[in-house]
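I have placed the structure first, in the form of structure tokens, so that the comments after it can refer back to it.
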Amino acid sequence: MPEDYQGARSSQAIVDAAMNSLRSLVKERLSGKSGSSGYSKQGGGGGGNKNDVVELTDSNFEKMVLGSDDVWLVEFFAPWCGHCKNLEPEWAAAATSVKEQTKGKVRLGALDATVHQGVSSRYGIRGFPTIKIFRKGEQQPEDYQGGRSRGDIIAKALELFSDDAPAPEMLEILSEDILKNTCEDSQLCLIAVLPHILDTGAEGRNGYLEVMTKMADKYKKKMWGWMWTEAGAQMELEASLGIGGFGYPAMAAINTRKMKFALLKGSFSETGIHEFLRELSVGRGSTATFGGGAMPKIHTVEAWDGKDGQLPVEDDYDLSDVDLDDDFDKDEL
């Protein structure tokens, strides 16, 4: 906040007051106080939370950024820079959106280059604002070449996330906790019901899982959950989704927050699933409400061992003591 000047109106008095204020500011910075140089923690009308912008310093940069498993976009700014002030609400809004969409795997930080000169000089920062991209495991950054609007920043962050993110894990529905933990934090959860192992064998099942894995990788930046179960293992789930009538394999996209789902009506193939998801993404897919309006009961089951199925072994019966009628030609009931 500005302070009112209460001193004399002579040029010397004004210069003395300015120098005193400057010395106080330098003293605060050297003692570790951020003063007004750091990103404000107030809200604002930018649509983002400035707390989602990580305040970086000479002392925490190595650990937070270079030692991180995440991708970072770092803004080097100066408090007096007009362009930096214009960027601040855009950077904050982008930070909030990117945090939500990547679940914290791409992070936005800001460093006051006028205070933390060790890091800024290390990367040759000369103008403000300067934005650098630090990829996971790399010590040398690359220059950010995109626009300065929140939309531009978010688009670049999601591109970086897509480049570095692994495909989502393909999880078998073994318990209620697995389904809940996977689907509650995802906009969509894709659930496949695959034929019984006796119908396809391990090779056939792995073929279906390979199709799902390829599609999960294609849509990985969506951060959707991908799960599967065997036909008959989760009968209540199948019934609530109306899956049984379509045969197997079958697939549903579910939203556990809204208790809504949509069924794959096309082929269980890369093309069929892509068309299914494309229709949903543009709002043309047909959706329905879970049977009963709530998540069905999920049973705890054993994980598939990756092998072909085995028919149950029937007991051998000893028939030596069974008294059989010797007259096999006699016709009687």
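All positions are counted from 1 along the displayed chain.
Yeah, the Cβs are placed from backbone N, Cα and C, and that goes for glycine too.
Nobody curates TrEMBL annotations by hand; they come from automatic prediction.
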If you check TrEMBL, which stretch out of 280-306, 307-333 is marked region 'Disordered'?
307-333
Which whole number is the mean pLDDT over the domain 'Thioredoxin' (45-163)?
93
